[in-house]
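Student: Dumping the structure here so I can ask a few things about it.
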Amino acid sequence: MKILQASSSCLITLLLILPLVFAASSSSEDFDFFYFVQQWPGSYCDTQKSCCYPTTGKPAADFGIHGLWPNYKDGTYPSNCDDTKPFDSSTISGLINSMKKSWPTLACPSGSGEAFWEHEWEKHGTCSESVIDQHEYFQTALNLRQKTNLLGALTKAGINPDGKSYSLESIRDSIKESTGFTPWIECNRGGSGNSQLYQVYVCVDRSGSGLIECPVFPHGKCGTEIEFPSF
C-alpha cells in the first residue's frame, strides 16, 4: 500500500511539473521566423527629429542593421524573453569593429552603439536564445547584411541614393531579383514631408541561416514613388 501511495504521489508531482517545464521551454523557442531589418541612414537623419552620428564618426553611406527580430506567423512577436541573460559586450568583443561599421547608432545623443545593441539583444535576441546564443545572434545579423547587400542590389538596377524618386515596385523588384525573396519596404517622412525609403525587411528561417518568403508582412505602406535620399 505504501509503495502504491508513493508511486501515486510521484505521478501527481510529475503531472504538475511537466506543464511548467514545457511552458518554460516554449517561451524562448516559440517563434516562427525572423525579420532581418536594415535602415537607410539618409532617411533616418532626414526627418524633423534629425540624428546624431556615432562617437566614431559619420557611418558609411550604406544600409545599416536595425535588428534581427523573432516573429510569429500571425504578425505578433515575443519580446524581452529572458532577463537573466543581459547584454554582455565581452561576448562580442571580436565583432565590435564590424558592429560599428555595419550596425551603427544614429540616435541622439551620440554613442558608441553599445546601448543600441543592448536594446536589440534584450528585447529581441533573448527570444531566440534557444536557437542562437548572444554571440551567434550578432554574428548572424552581420552575415545576413553581407549576404543581402541591399545597396549593391539597388545601384545595380540604377536606383541610387541621389535624392531622386523611384517607384516602390522597382525598389522591391531589384531586391527580390538579387536576394531571391520578396522584401517589405518601410517608408518614413522627410523633413519636407516627402515619402522616402527608410527600412527594408527580409525574412529568415528559425535557424537564422537562410532567407525565406515572408509568412506575413508588417502593417504600413509607402507611396508608389518614394525618394532615396543621399547621406
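Quick reminder: no glycine exception, Cβ is built from N, Cα and C everywhere.
No curator has checked TrEMBL annotations; they are predicted automatically.
TrEMBL feature annotations, pasted as is:
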{"type": "ACT_SITE", "residues": "His66", "note": "active site"}
{"type": "ACT_SITE", "residues": "Glu120", "note": "active site"}
{"type": "ACT_SITE", "residues": "His124", "note": "active site"}
{"type": "SIGNAL", "residues": "1-23", "note": "signal peptide"}
Student: Mind telling me which of the active-site residues His66, His124 has the densest Cβ neighbourhood, counting other Cβ atoms within 10 Å?
Tutor: His124
Student: Measure from the Cβ of Glu120 (active site) and count the other Cβ atoms within 10 Å, all protein chains considered.
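Tutor: Its Cβ shell of radius 10 Å holds 21 other Cβ atoms.
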Student: For Glu120 (active site) and His66 (active site), determine the Cα separation and express it in whole Å.
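Tutor: About 8 Å separates the two Cα atoms.
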Student: What does the structure give for the C-alpha distance between His66 (active site) and His124 (active site)? Integer Å is fine.
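Tutor: Cα-Cα, rounded: 11 Å.
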